[in-house]
Amino acid sequence: MTPEDQEEAQPLLGPPGGSAPRGRRVFLAAFAAALGPLSFGFALGYSSPAIPSLQRAAPPAPRLDDSAASWFGAIVTLGAAAGGVLGGWLVDRAGRKLSLLLCTVPFVAGFAVITAAQDVWTLLGGRLLTGLACGVASLVAPVYISEIAYPAVRGMLGSCVQLMVVTGILLAYLAGWVLEWRWLAVLGCVPPSLMLLLMCWMPETPRFLLTRHRHQEAVAALQFLWGSEQRWEEPPVGEHQGFHLALLRQPGVYKPFVIGISLMAFQQLSGVNAVMFYAETIFEEAKFKDSSLASVIVGVIQVLFTAVAALIMDRAGRRLLLVLSGVVMVFSTSAFGTYFKLTQGGPSNSSHVALLTPVSTEPIDTSVGLAWLAVGSMCLFIAGFAVGWGPIPWLLMSEIFPLHVKGMATGVCVLTNWLMAFLVTKEFNSLMEVLRPYGAFWLTSAFCIFGVLFSLFCVPETKGKTLEQITAHFEGR
């Protein structure tokens with residue numbers, strides 16, 4: 001075991017005597033950091049109401065055709081993939097706090113470019129900038145929150161990252177009902193601007209300060225965040241060690257690497273980004289007249305069940321919720337595929353169900369009942385994803401990596417997530433044409449089954465453990 005490993009195994013932030021911290025400012029700091037995920041949730045959800053508006057736009061405003069609309073929805077994930085790499089570099093060199101402050105710049109700049117756009121290329125450029133900010137925020141916010149939180153609340157606060165993402169998506173859906181695409185982009189500048197103001201008053205994470213030998217600042221940060229006036233332990237921390245390929249031979253590095261990358265891949269292969277980007281289109285395929293209302297209902301369900309996940313995360317544990325979530329997703333995607341299989345090619349499958357129409361006791365066309373199967377399946381999928389596979393991969397990513405490789409390792413995980421998101425989002429329509437809609441959803445069901453098996457046999461439980469205990473687990477100590 002190297003000296004760096006021995007030092008990192010020590011509880012950097014363990015209070016003498018084992019007394020539990022009771023600070024409340026840690027919640028304020030977590031909220032400030034989570035405004036970054038709120039911003040990238042808004043950026044993700046922006047395409048759903050903006051694309052129909054841009055497709056109806058009259059000159060001189062830019063107008064999207066089907067090909068440009070596909071790129072408008074997907075290019076944000078390419079920017080986010082680059083942002084993941086940039087965030088992994090920034091988080092170790094500039095620190096967690098400064099990285100969050102810096103990511104507000106491309107957020108505001110990207111939405112400002114979209115607001116002023118007069119052609120399609122400018123629109124895509126603005127989306128690319130917001131995507132870059134999404135990648136940085138999706139990496140840095142979970143790391144910042146996991147390093148400021150004590151074990152008893154780390155699961156709840158870490159889950160709030162995904163809660164803010166889905167809240168941002170829902171906000172975009174709701175605002176899209178009353179705002180056209182330019183004013184919707186103006187609204188997108190508000191969350192990152194608020195994050196910039198709040199984060200200026202928040203401290204850097206104590207763990208990062210300790211790696212820079214800034215012990216007094218680390219103690220001051222702990223007292224601010226955890227509300228303790230007693231003296232906290234300050235074990236020696238070795239010289240900051242960068243990443244090099246030889247480290248991949250160490251179990252404490254390659255094991256969390258495999259787990260983190262696999263979780264990100266399975267999360268996207270479930271098809272959730274395709275569902276969220278093209279929620280209205282999917283419901284139109286299912287023959288619902290008010291597809292925008294359906295999208296809002298999906299967003300509300302996602303927010304509610306992600307909030308439930310945050311509340312029970314530190315009691316139920318990560319692995320149990322992953323398994324339960326995966327099982328629900330397998331059932332729901334299979335049912336949704338069955339809906340499309342049963343309705344394909346039928347002469348009377350245009351049900352045009354209004355979502356708020358009360359169910360009649362009189363005999364109705366079979367396709368109307370099948371349309372409700374589609375609604376139930378989609379809502380069940382969103383609920384299942386929200387309680388497990390939505391928040392937990394991001395939470396585990398911030399927990400399982402040792403400090404000396406955290407920036408690079410989380411960067412690779414975020415890059416994997418966003419590249420997979422781009423592939424799924426960009427090619428989902430093509431996949432539905434080749435395999436038919438039912439085949440596409442049955443394929444995602446198969447990936448969900450693999451995700452359940454991976455959760456059962458490969459993912460460790462991190463509930464109630466310090467970050468140093470998690471590192472020791474992977475190293476076999």
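Glycine is no exception: its Cβ is also placed from the backbone N, Cα and C atoms.
Under the heading transmembrane segment, TrEMBL lists 26-48 (among others). Only residues 6 or more beyond the boundaries of the transmembrane segment (26-48), in the same chain, are considered here, and those with a CB under 8 A from a CB of the stretch are 72-73, 76, 80, 100, 103-104, 107, 110, 127, 130-131, 133-134, 136-138, 140-141, 144-145, 148-150, 153, 157, 160-173, 176, 184-185, 187-188, 191-192, 194-195, 198-199, 201-203, 225-226, 273, 276-280, 295, 299.
The domain 'Major facilitator superfamily (MFS) profile' annotation in TrEMBL covers 29-463.
If one looks beyond the transmembrane segment (68-91) by at least 6 residues along the same chain, the residues whose Cβ comes under 8 Å of a Cβ in the stretch are 40, 43-44, 47, 50-51, 54-55, 98-99, 102-103, 106, 120, 123-124, 127-140, 143, 273, 277-278, 406-415, 417-419, 421-422, 425-426, 429. Residues or ranges marked as transmembrane segment by TrEMBL: 68-91 (among others).
Residues or ranges marked as transmembrane segment in TrEMBL: 98-118 (among others). Counting only same-chain residues 6+ beyond the ends of the transmembrane segment (98-118), those with a CB under 8 A from a CB of the stretch are 33, 36, 39-40, 43, 60-62, 83, 87, 90-91, 125-133, 136-137, 140-141, 144, 181-182, 185-186, 188-189, 191-193, 195-196, 199-200, 204.
The transmembrane segment feature in TrEMBL is assigned to 124-145 (among others).
Taken from TrEMBL, the feature transmembrane segment covers 157-175 (among others).
Tertiary neighbourhood of the transmembrane segment (181-202): same-chain residues 28-29, 31-33, 35-36, 38-39, 42-43, 46, 49-50, 53-54, 57, 97, 100-101, 103-104, 107-108, 111-112, 114-115, 126, 130, 133, 168, 172, 175, selected by CB-CB distance under 8 Å and a gap of 6+ residues from either end. The annotation transmembrane segment is assigned in TrEMBL to 181-202 (among others).
The feature transmembrane segment is assigned by TrEMBL to 257-279 (among others).
Residues or ranges marked as transmembrane segment by TrEMBL: 291-313 (among others).
Listed by sequence, the residues of this chain that lie at least six past the ends of the transmembrane segment (320-340) yet keep a Cβ under 8 A from its Cβ atoms are 270-271, 285-286, 309, 312-313, 370-371, 373-374, 376-378, 380-381, 383-385, 387-390, 392, 436-442, 444-445, 448-449, 451-452, 455-456, 459. Sequence annotations record features per position, and here TrEMBL assigns transmembrane segment to 320-340 (among others).
As annotated by TrEMBL, transmembrane segment applies to 370-396 (among others). Proximity of distant same-chain residues to the transmembrane segment (370-396), defined by a Cβ-Cβ separation under 8 Å and at least 6 residues beyond the stretch ends, is recorded for 138, 142, 146, 155, 158-159, 161-163, 165-166, 259-260, 263-264, 266-267, 270, 272, 275, 282-283, 286-288, 294, 297-298, 301-306, 308-310, 313, 318, 321-329, 331-333, 335-336, 338-339, 342-343, 349, 351, 353, 355, 359, 417, 451, 459, 462.
Annotated transmembrane segment per TrEMBL: 408-425 (among others), in sequence order.
Feature annotation from TrEMBL assigns transmembrane segment to 437-459 (among others).
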Per-residue pLDDT averaged over the domain 'Major facilitator superfamily (MFS) profile' (29-463), given as an integer: 82
